[in-house]
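Following: one structure in C-alpha cells, then a few remarks.
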Amino acid sequence: DEAVRGTCEDASVCKRFAVSVGYWKDPYLQYFVRQAKERKAPEINRGKLEWGRRHLAGYYARVHGVSYLIKAFLKKTECNCQIVNLGAGMDTLFWRLKDENLLPRKYFEVDFPMIVARKIHNIKSKPPLSKPIMESHSGDSLLIDSHSLDSSRYSIVGADLRFSSDLEEKLKKHNLDVHLPTLLVAECVLVYMTPQQSANLLKWAASTFPVAMFINYEQVNMTDRFGQIMIENLQRRQCNLAGVEVCRSLDSQRERLLLNGWETARAIDMMKVYSFLPQADVKRIEALEFLDEKELFEQLMQHYCICWASKDSSNL
C-alpha cells in the first residue's frame, strides 16, 4: 500500500511540472504539490512512463481525454448528476469545474485516509482552495475532520476501495444519492487491486446506480516485451501491479466491464486518444519541448488506454 500511495506523490509532481511548462492550465495544483526540482523528460509530460519507483501516465493526453468524457457526461445530464472520483489523490477537478460553471450536484473524492488527511490539511490552510468550497456550500455547517470533509457540493472520504461495502457506507454518510446519474472515475487505480477486488468494485457500481458511467484509465497490452519491462521496473521498486492480468488487451479491458454488470463498454489506446485531440493544441504542445524519440513515445502511448462503460435505465 505504501508503494501505491507513493504513486500519488510522483504523479502530482510530474503534473505540476507539465503545468509549469505550459502543457495545460491548472491554477490549483500549486497549492497541493511542490514544484519538481528535476526536469522531466518530454515523453513523461506528454506521453507515458518514468522508470523510477513510479508508474506515471501520458499526462497531456490523459488529462484531455478523461476531461472530454467527464464534460460530455456533465453536459448530457445538464449537471444534474454526481461524480465519484476513486483514488483521486491531489486532483483539482472540483475547482476547475467550478470555474467553468460545470459543477455537478455533488462531487465526491475517495482515497486512502493518509492521502485524504494531507489533502484536507492543504484545503484548510490555503484560502484559494477553501474559498470555492465555502462559496458553493449551502445549508448546515460544513463538516470537516482529519479524514473527511463534507460540504453540500464537495466531499472527500478516506476509504479503501477494495472494500465496497465500507466505501458505500461512507459515501452515503456524505449524502451519496443512488438515484442520480453518476459518473465514476478511476485513473491508474484498478490495476493496483487484484482482478477479484476490481471486479467487486465495478459490480458494486453497476448494481448501485441505475444510470451511470465508469471511466477507467490504465495500462494495456502488457503481455508484450515492452509491458514486461514496465512491470519489472515497478516490481524492483516494490510496486506490484496486482491487477495487471486484466490489462492484456483492449478486449480484456472491455470484457471486465461487461462481465461486471455494465451494458456497454469501449476502450481505446492513448495513441488513438492523442490523434483525436484538437490538432492545433497538439502542435502547440509539441512545440514546447523537442521530442526526439517519436517511436518511444508511440510505444508508451500504446501501453495505456481509456475505457468507458455505461448503464442507462433512462436512455440518457
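Cβ atoms are placed via backbone N, Cα and C, with glycine included.
Quick look at what TrEMBL lists:
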BINDING   Arg62, Gly87, Asp160, Leu161, Glu187  S-adenosyl-L-methionine binding site
Distant-in-sequence Cβ neighbours of Arg62 (S-adenosyl-L-methionine binding site), under 8 Å, six or more positions away: Glu187, Tyr217, Met270, Val273, Tyr304, Ile306
Among the S-adenosyl-L-methionine-binding set Arg62, Gly87, Asp160, Leu161, Glu187, as the record gives it, the longest Cα-Cα distance in Å: 24
Lowest local Cβ density among Asp160, Glu187, which the record lists as binding-site residues, within 10 Å: Asp160
For Leu161 (S-adenosyl-L-methionine binding site), the number of other Cβ atoms found within 10 Å of its own Cβ: 22
Count of other CB atoms lying within 10 Å of the CB belonging to Gly87 (S-adenosyl-L-methionine binding site): 22
